[in-house]
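What follows is a set of notes on a single structure, which appears directly below.
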Amino acid sequence: MNITWVGFVLFRLSEIRYRSHIGKKIGFRSHLPAVCSQSPLVELFLFAQRAHAVTVLLLLTCALVYVTLLEETPQDTAYNTKRGIIASILVFLCFGVTQAKDGPFTRPHPAYWRFWLCVTVVYELFLIFILFQTVHDGRQFMKYIDPKLGVPLPERDYGGNCLMYDPGNASDPFHNIWDKMDGFVPAHFLGWYIKTLMIRDWWMCMIISVMFEFLEYSLEHQLPNFSECWWDHWIMDVLVCNSLGIYCGMKALAWLSMKPYQWQGLWNIPTYKGKIKRIAFQFTPYSWVKFEWKPASNLRRWLAVLGIIFMFLLAELNTFYLKFVLWMPPEHYLVLLRLVFFVNVGGVAMREIYDFMDDPKFHKKLGQQAWLVAAITVTEFLIVLKYDPNTIMLPIPFFIMQCWFLGIFLIFIWTMWRFFIRYV
C-alpha cells in the first residue's frame with residue numbers, strides 16, 4: 001500500500017512538472033487570474049495556442065456530411081478525381097496537424113511544423129507516384145495540375161557573349177551585365193541567406209556555394225541552363241549574391257545567438273505593451289542552438305558533414321534537372337512552391353541531423369523530417385534518372401573528369417591520414 005501511494009504521488013508530481021513545462025513552452029499558464037483584462041489580440045493569441053483537435057474533427061465531419069448528403073455529385077470523372085485526391089490530402093493534413101509527433105521547433109506554433117511534416121509526406125508520395133509512371137504518362141499527368149504543362153520547353157542559354165564591356169554597343173556597353181539581372185539574382189541572395197540560417201556554419205556554406213559552381217561547369221554539356229559566363233559564375237553568383245547572402249545570414253545568426261531569450265509567461269507580463277512584444281517574439285525561436293559541426297574531430301562527424309554537403313548539392317541539382325525532365329518553365333509556380341517547401345522543412349531537417357550527429361546517445365535515430373527530406377532528394381534524382389537517362393549519361397569531358405577524380409582522391413587520402421595513418 002505504501003509503495004502504491006508513493007508511486008501515485010511521484011506520478012502526480014511528474015504530471016504537474018510536465019504541465020508546467022508545456023505551459024512555459026507555449027508561453028501561457030493554464031490557470032489565468034480572473035482579474036486580468038483580456039484584449040482581443042491576447043484572446044486571439046491564447047485561442048491560437050490551443051490544440052483544437054476536437055474542433056478540427058467536428059468541422060471535418062460536418063464538411064464530409066455536407067458533401068455526402070447535401071451536395072449533388074458531378075458527373076465529371078476528371079473533376080471528381082481531382083476533388084477526391086485534394087480532399088484525401090486535406091483530411092491527412094488535418095489529422096497530422098492535430099495528432100502528428102512534434103519536432104524540435106515549437107515557434108510560432110507546433111502545429112505549423114506538423115503541417116509541413118505532413119506536406120513532406122504528401123510530396124514524397126507524389127514523387128513515388130510520378131516515379132512509377134511511364135515517361136509520357138508522368139509528363140502528361142502534370143496537365144492535371146496545370147493545363148499549360150506537358151509540353152517541351154527550351155532551356156535558356158546563359159552563355160553567349162561574355163564581354164562585361166561591349167565596345168560594339170555604344171548605347172549600352174554593359175548590356176551583357178544588365179541582361180543577367182533577372183529574378184534569379186535576388187533569389188540567389190535570399191536562398192543563401194536562408195541556407196546559412198539552416199547550416200549555421202560559414203565554411204560549409206562557402207564550400208557548397210563554390211562546389212555548385214564547379215558542378216555547373218562540369219554539367220553544362222547536359223543542361224544549357226548551366227552554361228554561364230565566367231563572371232556570372234564567380235563574380236555575380238559566388239562573390240556578390242552568395243557571399244552577401246551568407247554574410248547577412250551569419251550576422252542574423254550572431255544576433256540570434258546573443259539575443260536574450262525570455263521564457264516569461266504572457267500573464268506574468270504586467271503591461272499591455274509587454275504582452276504585445278511577447279506575442280511578436282512568438283515568431284522568433286524559443287531557444288537557439290549554435291551548430292558546431294567539428295568535421296575533423298572524428299570519422300563519424302567527418303562522414304556526416306560530407307554526406308550533408310553531398311545531399312545539399314544533389315538537392316540543388318534536382319531543382320534544375322526536375323524542371324528539365326518534367327517540362328516546367330523556370331518561372332512556373334510549382335518551381336517556386338518547391339523552394340518554399342524546402343525553406344520550411346530544411347531548417348528542421350538540419351536541426352535533427354545535428355542533434356543525431358552531436359548526441360547519438362540521446363537521439364538514437366534520425367529525425368522524421370530529416371529522414372523524409374533525404375528520401376525526397378533521392379526520389380527526385382531517381383525521377384530525373386528514369387525520365388531522361390540519355391541526358392544524365394552524357395559523358396563528362398575527360399579533363400573535367402580528371403579534376404573530379406583528383407578531388408575525390410585527395411579527400412580520400414586526407415581521410416585516411418587524419419583518422420587512421422596519423423595514429424599508427
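Using N, Cα and C of the backbone, Cβ positions are placed for all residues, glycine too.
Keep in mind the model is a prediction, meaning the values are calculated, not measured.
According to TrEMBL, the protein carries these features:
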TRANSMEM  51-70  transmembrane segment
TRANSMEM  82-100  transmembrane segment
TRANSMEM  112-132  transmembrane segment
TRANSMEM  202-219  transmembrane segment
TRANSMEM  234-256  transmembrane segment
TRANSMEM  302-321  transmembrane segment
TRANSMEM  333-350  transmembrane segment
TRANSMEM  370-387  transmembrane segment
TRANSMEM  399-421  transmembrane segment
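Only residues 6 or more beyond the boundaries of the transmembrane segment (370-387), in the same chain, are considered here, and those with a CB under 8 A from a CB of the stretch are 117, 120-121, 123-124, 127-128, 130-131, 135, 138-139, 311, 314-315, 317-318, 321-322, 324-326, 342, 345-346, 348-350, 352-353, 356. At the 8 Å Cβ threshold, with sequence separation of at least 6, the transmembrane segment (302-321) lacks contact with the transmembrane segment (112-132), having fewer than 3 such pairs. The stretches the transmembrane segment (112-132) and the transmembrane segment (234-256) do not meet in space: the count of Cβ pairs below 8 angstroms, excluding pairs fewer than 6 apart in sequence, stays at fewer than three. Beyond the ends of the transmembrane segment (333-350), by six or more residues, the same chain brings 103-105, 113, 116-117, 119-120, 123, 145-146, 187, 191, 194-195, 197-200, 291, 308, 315, 319, 322-323, 367, 369-370, 372-374 to within a C-beta distance below 8 angstroms of the stretch.
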